[in-house]
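Note sheet for the following structure.
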Amino acid sequence: MCLTLPFVQPGSGRDTVLLSALWAASTWAFPLSLSLWSYLVAQSFVFAVEEINRSVHLLPNLTLGFSIRNSGCSAHGAVFEMMSFLTGQEEPIPNYTCGPRLPRVAVVGDTRSALSVPMARLLGLYNFPQVSHSSTLPILSDKAQFPSFLRTLASDLTSCYAVTQLVVRLGWTWVDILAQDDDYGQQASSLAAQELRQAGVCIEAHLYVPTQQSLEETEALVQKMHICTATVVLVFLNNSSFLLVLQGLLGLQVSGQVWVSKDSLYMTIALTLPGASEVLHGSFGLMVRGTQVPGFPEFLDHLHPSQTTEDMFIERFWEITFGCTWPPKNGSVARGVQFCSGNESMRSTENSSWEARQMDIAYTPVYGIAHALQDLLGCEHWAGASWPFLPQLLRPLRKVRFKTPDGTEVTFDANGDLVSKFDIVRGQKTPEGSFHLVHIGEIDPRASSGSSMTVHLPEDLQVPSSVCSRSCAPGFSQTPRQGAPHCCFECSPCPEGHFAEHTDVQRCLPCPEEQFPSPARDRCLPRTETFLAFEEPLGLTLATVAVGLAGLAVLVLGLFLRHRDSPVVRANNRALSHTLLASLALCALCPLLFLGRPTAVTCLMRQTTFAVVFTVAVSCVLAKTLTVALAFRVTRPGSRARVCLGPRASSSVVLVASLTQVALCGVWLGTSPPFPDRDADSEPRLVVLQCQEGSGLAFSCVLGYLGLLAGATFSVAFLARGLPAAFNETRLLTFGMLLFCSVWLAFLPLYHSARGKSTVAVEIFSILASTAGLLGGIFIPKCYIILLRPEQSTPAWLRPGQGVLWDRQGPGPRRRASHRPAPVCPGHRTPGPWAEDTQVLRVGLSTSVSAGDQKGPKKGELGRVPTAVVEGGPGSVVDGPVCAQCSRFHSDKSQKRADVSGRSSRRSIVGGAGVRPLHAGGCREDPSGTS
């Protein structure tokens, strides 16, 4: 059906051009296939043309005429009416015009994208301008296909992107999409889904509504929506499909969903259904920032059938607006029918659809064409009056930039789309029960930063949430559910050392090295520096023990120096004993370097000092052990191996072993020395100040060498532990090294399992324990003899008949019942209480002279010269032992063997060369001795 309104007649001296408006009539409201909304939009077109013709500033010498045509909601009808407008014929013939006619300048329409596409393809061939006010299909922005198409609203691409920005801004992450199953619905919903997924929003269901759907299909669709858990539903439907879905939801009494659409027309039309406000309450819609048309409401108020008799649709508009019926022309009247009197007034009508301010959308396209004509009239080469239509208008129309009477700026982008803001409206019910669309914010694409639009909303706006999972509080991170979208997750607490400052974080972040997470793990707190200080109880205790142990070593050293001439001290090289005591005192003081705040100096001295002084101590023990062991095995007079028993050999062992460790430490310090470090991994809330060892290989070599030296010392001492003697140290050395090795073997697992400053405490404890083991195991028994049993450290203790044994039954010594004293062989003594068996006695009492005292025994002190003497000092001699059968007074053997034994003893005493140790069978003369 084509509706043609006569255009305004040209005035005197004014040219006239013709505009055409095409509208698609909907069939859901009116039997005569006229849409109420389309009719009101057509009235805004008429109002704009009349207002421009009355203006003295805009097109003062040109009159606009108009022709309003109905496309019949079909592509065929749209193309037919457009060709009829271009050719001026009721039955158009393409590319032909018949008779004189007014120039055609532009087409406004159509209302649907499906109808605008074929029109735009045909008009593009002629570069004839087409301006649409409601076609939003994104493909129409392609200027290669549609060069002459423009629109005074945003495309679906822009509006869908604006909808996604609104969804993201309101914090919705779980939505449903309801779209029409046609080009518009599929493209618009696909664009929205793509943008939502890129923004991190999950889509629970993407439902399509068939254009021609049955009741069963509608019920099935409504059931699917009913079981959906998303609160927000994005709508891309035409009006009739939206009403059908809404009716189905009202039948199931579904409420609580938030409907979001890229325009607000759905809500205004749907409010005609009873109870629709309950479903649409809280819904959101977008409207392109329209023009506030002054005078248009008054223009609508003056509409009356009597004033526009050529308008064949105004009577149907009047009937639907006032709910009456015009009397039939045949005179038949039905009962119960209210007739229209013509006295009704539009001023008393309240229509909720007017609240959407969408009926004036044709106002802006008409003004855009008028301003383009104004710019074209200013061109000297314009000769449009002689043309059937004006293709020259397209260029100025694309570049037009103007302001409407209300101050709204209008301009087109490179794609021919209007650059404008979006108004955000929300449906709300007033306390009186009425429903209104309230403006709550705006979206400004022109103020966008990067790829996002600027959304302005009130800070106190309250909206329902639409999420698959509740937000994870600070201190928790999202753990995706198996087989579910990423919006569905579980909240897991942050692991140790991590934090989550905000809600809904994908993963927790590690705290900086100098910080640790709070108990709630929602922020990081600064760590406290810590180290094993002197002031804390553990450090004070260890320092006290170290000083006390060093003082004890010094006291023992002083005791040995005071009794340096006693047999106990002189046994087995007293110089080594003094060196060992001094090194043990230093070992006890080493822990003081491990206490306190680490510095560059203390880090360099800690491990190196510890390694060197312990090497000296262990090498002293090794030298003493080797001396004792070799003394009982190297007995051949004149043997070169006897050189190993001299004092220089013992000193060489200590010196070589110590210098080797010093060399290793020097290489360590020269290549990669220790340095102060901050350990933030050992303890969660503390930063442990410690010394980093630098080169791990060098440190391992230093400790490995010390361990090898200790193992060798313990092995030698263990093998020599069974040598009998009165002052033989091998058992004491074995016991001391056993304690030493046990402590350091236990130290290794403890050291590697300890964390923080406990590592330093373990090493200090190991140093003190091993030092105490050596000091106590080797020297405490000797101190006991010196201080509490001084009679055991005298030559008389070993003289004939003076042997004293410890009486286990009483507190003091008792004299052992022995054989009657008898004369002794020269150089021999009475075997005493240790010679009752037939084993060889190896006496450890040293009565030989030390350095500077090499004159031999004094007169009358022949009994002081023992056999098997081991004195490591300078000028000492080593004599062979005398067996138990050597004395002729205690032997049942022949006198001949006794004489041989006597001569051998005298040679040993006089010559000082000693005798070779024998088994229990007797003595053998030393061929090197002299008589």
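Note: Cβ is positioned from N, Cα and C throughout, glycine not excepted.
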Next item on the list: Check each of the ranges 20-43, 764-787 against TrEMBL and return the one annotated as transmembrane segment.
Entry: 764-787
Next item on the list: Summarise the model confidence on the domain 'G-protein coupled receptors family 3 profile' (538-794) as a single mean pLDDT, whole number.
Entry: 85
Item checked: Outside the transmembrane segment (653-671), six or more residues from its ends: residues with CB under 8 Å to it -> 576, 579, 604, 608, 611-612, 615-616, 618-620, 622-623, 626, 694-695, 698-699, 701-702, 705-706, 709
Note to self: Checking distant contacts: for the transmembrane segment (732-752), what same-chain residues at least six beyond its ends satisfy Cβ-Cβ under 8 A?
What the structure shows: 618, 621, 624-625, 628, 707, 710-711, 713-714, 717-718, 720-721, 759, 762-763, 766, 769-770, 772-774, 776-778, 781-782
